[in-house]
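First up is the structure itself, then whatever we jot down about it.
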Amino acid sequence: MMLSLPAVAKLNLFLHITGRRADGYHNLQTLFQMLDVGDRLHFTANDSNSITLACEDPTLTGKDNLIYKAAMLLKPYAATNAGCHIVLEKNLPMGGGLGGGSSDAATTLHALNKLWQLKLTTAQLAAIGLTLGADVPVFVHGNTAFAEGVGEHLQPVTLPEKIYLVVTPACHISTADIFRHPALKRDTPAITLTQLLQSEWHNDCQPLVEQLYPIVAITLQWLVEYAPCRMTGTGASVFAEFPDTASAQHALAQLPANCRGFIARGVNQSPLWAALADTDDNS
Ligand SMILES: C[C@@](CO)(OP(=O)(O)O)[C@H](O)COP(=O)(O)OP(=O)(O)OC[C@H]1O[C@@H](n2ccc(N)nc2=O)[C@H](O)[C@@H]1O
Ligand SMILES: Nc1ncnc2c1ncn2[C@@H]1O[C@H](COP(=O)(O)OP(=O)(O)O)[C@@H](O)[C@H]1O
């Protein structure tokens with residue numbers, strides 16, 4: 001049996017760092033906005049007892065890929081010879097704060113749960129996903145959500161489904177490097193979701209990233225000419241909200257050299273859920 005499923009991107013509409021934990025991880029308050037665009041994965045179950053991964057980009061087919069790691073985490077729950085061939089259509093910029101790798105992992109968990117008939121609950125898949133990265137559970141649940149802790153305490157939020165222009169300058173930022181930097185602001189007071197929704201939104205990583213990677217600051221200076229803008233996650237991608245697709249396209253047409261850009265709609269539920277429901281209807 002074969003399954004083709006989306007793995008969408010997210011934005012962090014705000015990202016507050018409220019403290020550092022004993023294990024070095026940081027407690028956050030963040031608003032994850034699901035987008036309607038992303039990667040696509042194709043899964044063909046087999047009885048080879050192995051996981052194989054194919055992608056046009058050969059650097060993405062190794063055993064360090066989160067897709068492979070997610071599949072291996074589910075292997076112990078599956079029948080002895082359960083295997084799968086997975087094809088990744090990589091559309092999202094990598095290491096851009098859009099969560100592409102984490103989203104690919106979450107889609108893989110759902111796909112193999114179905115193909116291998118594991119009957120694990122979404123909560124179980126999210127807990128397994130958390131061992132791969134702090135961003136995986138939100139993609140497993142697939143809702144626009146307010147997150148606390150390292151991103152695992154999630155509360156779905158319904159927001160107006162806005163149009164966003166997402167721009168990724170040509171620089172790679174390591175999440176771990178930003179979190180271990182001495183100059184990172186990590187003392188934003190934790191406040192309630194109601195207060196947060198009424199306050200001015202910001203990203204605590206943005207001033208440090210702008211300082212360390214001037215290209216991010218330059219990209220924000222370009223985008224702010226069109227609309228108020230901010231960085232997502234630990235960068236390097238930045239985004240702005242537009243009233244309609246035409247005005248977002250107007251800005252995208254002027255995209256600076258060396259940047260990638262795309263237009264997406266914010267959605268309250270990831271299209272992954274509709275795609276999974278489709279496969280239920282057809283099985
Ligand atoms: C901060 C966010 C916001 O969405 O950044 P982006 O990665 O999306 O840019 C994410 O929660 C990131 O999640 P993810 O990318 O899955 O991070 P992980 O692999 O779990 O962690 C990478 C490294 O970042 C640091 N880290 C990560 C998350 C966190 N809450 N505190 C941390 O200190 C840790 O040093 C960890 O070793
Ligand atoms: N399926 C995957 N897609 C993209 N990157 C992956 C994947 N699996 C592992 N990675 C690694 O994770 C890093 C961060 O990827 P990504 O999730 O795109 O960034 P971010 O967490 O900043 O949004 C990449 O640079 C890459 O080395």
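Cβ coordinates are placed from backbone N, Cα and C, and glycine is handled just like the others.
Values in this document were obtained by computation on a predicted structure and should not be read as measured data.
Features reported for this protein in TrEMBL:
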type	residues	note
ACT_SITE	LYS10	active site
DOMAIN	65-142	domain 'GHMP kinase N-terminal'
BINDING	PRO93, MET94, GLY95, GLY96, GLY97, LEU98, GLY99, GLY100, GLY101, SER102, SER103	ATP binding site
ACT_SITE	ASP135	active site
DOMAIN	193-260	domain 'GHMP kinase C-terminal'
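The record gives PRO93, MET94, GLY95, GLY96, GLY97, LEU98, GLY99, GLY100, GLY101, SER102, SER103 for ATP. Within 8 Å of the mean position of their Cβ atoms, the other Cβ atoms in that chain belong to ALA9, LEU92, GLY233. Counting only the Cα atoms, the space from ASP135 (active site) to GLY99 (ATP binding site) is about 7 angstrom. Listed recorded positions: LYS10, GLY97, GLY101, SER103. Those with a CB atom under 6 Å from ligand 2: GLY97, GLY101. Among the recorded positions LYS10, GLY95, GLY101, SER103, no residue has its Cβ under 6 Å from any atom of ligand 1. A straight line from the CA of SER103 (ATP binding site) to the CA of LYS10 (active site) spans 9 Å. Sequence-distant contacts of GLY101 (ATP binding site), defined as residues of its own chain at least six apart whose C-beta falls under 8 angstroms from its C-beta, comprise ASN65, LEU66, MET94, GLY133. Counting residue by residue with DSSP, the domain 'GHMP kinase C-terminal' (193-260) contains 31 helix, 11 strand, 26 coil. Each of the binding-site residues PRO93, GLY95, GLY97, GLY99 was scored by the other Cβ atoms within 10 Å of its Cβ; the lowest score goes to GLY95. Looking only at the binding-site residues PRO93, GLY95, GLY97, GLY99, the one with its C-alpha closest to LYS10 (active site) is GLY99.
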